[in-house]
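Participant: Quick one: this structure, given as structure tokens, is what I'll be asking you about.
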Amino acid sequence: MDAGSSHTALYIYEWPAEKDNNTGRVEQTHLCKVKGPGISSYASAPVKAGESLRLCMEEAKQWVPGKRHHQTPLYLGATAGMRLLNMANSSASDKVFQAVEGALQKFPFSYQGAKIISGQDEGAFGWITVNYLDERLKQGLETRGALDLGGASTQISFVSDNYDGSESPSNSVTFRLYGNDYNLYTHSFLCYGKDQSLRMMQAHQSQAGPATVLDPCFHPGYTATKNYSVLYDSPCVSDRKPKDAPDTFTHIGIGDFLQCQAAVKSVFNFTSCKYSRCSFNGVLQPLLQGPYGAFSAYYFVMNFLNLTDTSVPLEDVKEKLKRYCATNWDQIMQQHPEVKLKYLAEYCFSGTYILTLLTEGYNFTSESYSDIKFIKKIKGSDAGWTLGYMLNLTNMIPAEAPDTPLLPHPGYVSVVSVIAVLLFILFIVSLRPLWPRCSKQPQIV
Ligand SMILES: Nc1ncnc2c1ncn2[C@@H]1O[C@H](COP(=O)(O)OP(=O)(O)OP(=O)(O)O)[C@@H](O)[C@H]1O
């Protein structure tokens, strides 16, 4: 959402209240969080679904000056979670859109419509955000690749000298920004966000429909009763649901990083590639090039694990994660009473998934791993697709470079002042014939 003349986006998040059935621990209840410059407020009253959106928008009304409400465009963009819902049940996703649109139109902003954005757009807008905030686009500098990890999908976007768009054109997005042409490689892997990839891994572990699943990606001492119908309730895994499975299974953690890595690898297919080189699932990926910014869940997870420093050798990173995964679940819970239990239980899996995706999936090596920077914000703005989406919709990035003066303003002032002084001196000198003649001094002989 644009707040008027500035390029600042207003982000709205919702967290439903949750109680963990297995531990009985009540989760922190933040129903709504609105963030913008100078504002970070929470509404924490337990309210009905939909009410949190209203609370968020009320916050937005206070944040945007009243006289600007009507000229502030409001866009709603939905990503992979909605792409999946739309695939599984399009009437359910239509209903969600209708409800959200109805709620948003009640506010005084200039509502511009809602849409599910494509994976390609999600990747490209994330890349624009990162490079816009870094001022690499304006200055025509080497760009930074964008790595985005969501819950349902993951995107990789970068410019490579090896990619001109002719091989696998569906991965190509071209832009002209500030007078420079960019040929971006981008790919969005649906189902490879951290939530859906966990489902895919667990579906692989429970193919035979056992009553107990021993999971190396969860901590030793972790035990939970889970429903098969919930696990398989996603288009990413629904076709693999075991036929004769019981209703529930007992999910038991064993905390073994190496086994976890092997289990995570099962979600990637490396068997065929019809292009010059591929990442996984037969998808073209040109040679990696330049620095990369990794954001969203890449950052949330690596930050929690204290692993955002990519100058630490990859082997040491793996060693730390191995120790973390092997830590007892009770100890983990005691050490982090403030962290949402779902996230806490999954950090071992999520960290292992991130390292496996980067190295086995995208082919980062021990050397190129240090080209990645895990980032949450750049110059105070969140890294993610939303800012790029808004900049694009509001035409805030010009295709051509603005006519820049040859000199900055202070330079002009100095040059004009010097020229004025010179002209004045020239003028005085040109009047010399009119100057009164001085009488000659008598010569002393
Ligand atoms: N502090 C955190 N620790 C761990 N995971 C988190 C944290 N905060 C958010 N997440 C999870 O990170 C993932 C990414 O969230 P984000 O909102 O960026 O993506 P998303 O909207 O789910 O993306 P997409 O729909 O494109 O897959 C989600 O699964 C979210 O639940």
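In case you wondered, yes, glycine gets a Cβ from its N, Cα and C as well.
Sequence annotations record features per position, and here TrEMBL assigns active site, proton acceptor to Glu122. The ATP binding site annotation in TrEMBL covers Gly151, Ala152, Ser153, Thr154, Gln155. What TrEMBL records for 411-431 is transmembrane segment.
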Participant: Measuring Cα to Cα, tell me the gap between Glu122 (active site, proton acceptor) and Gln155 (ATP binding site) in whole angstrom.
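Facilitator: Gln155 (ATP binding site) has its Cα 7 Å from the Cα of Glu122 (active site, proton acceptor).
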Participant: Where the criterion is a Cβ under 6 Å from an atom of ligand 1, which of the binding-site residues Gly151, Ser153, Thr154, Gln155 meet it?
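Facilitator: Passing the 6 Å Cβ check against ligand 1: Gly151, Ser153.
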Participant: Among the binding-site residues Ser153, Thr154, Gln155, which residue has the fewest other Cβ atoms within 10 Å of its own Cβ?
Facilitator: Ser153
Participant: Residues with Cβ closer than 8 Å to the Cβ of Ala152 (ATP binding site), same chain and 6+ apart in sequence?
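Facilitator: Ala152 (ATP binding site) has long-range Cβ partners Thr79, Ala80, Gly81, Arg83, Leu84, Leu190, Cys191, Gly193, Asp195, Gln196, Cys236.
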Participant: Where does Gln155 (ATP binding site) sit in DSSP terms: helix, strand, or coil?
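Facilitator: Assignment for Gln155 (ATP binding site) reads strand.
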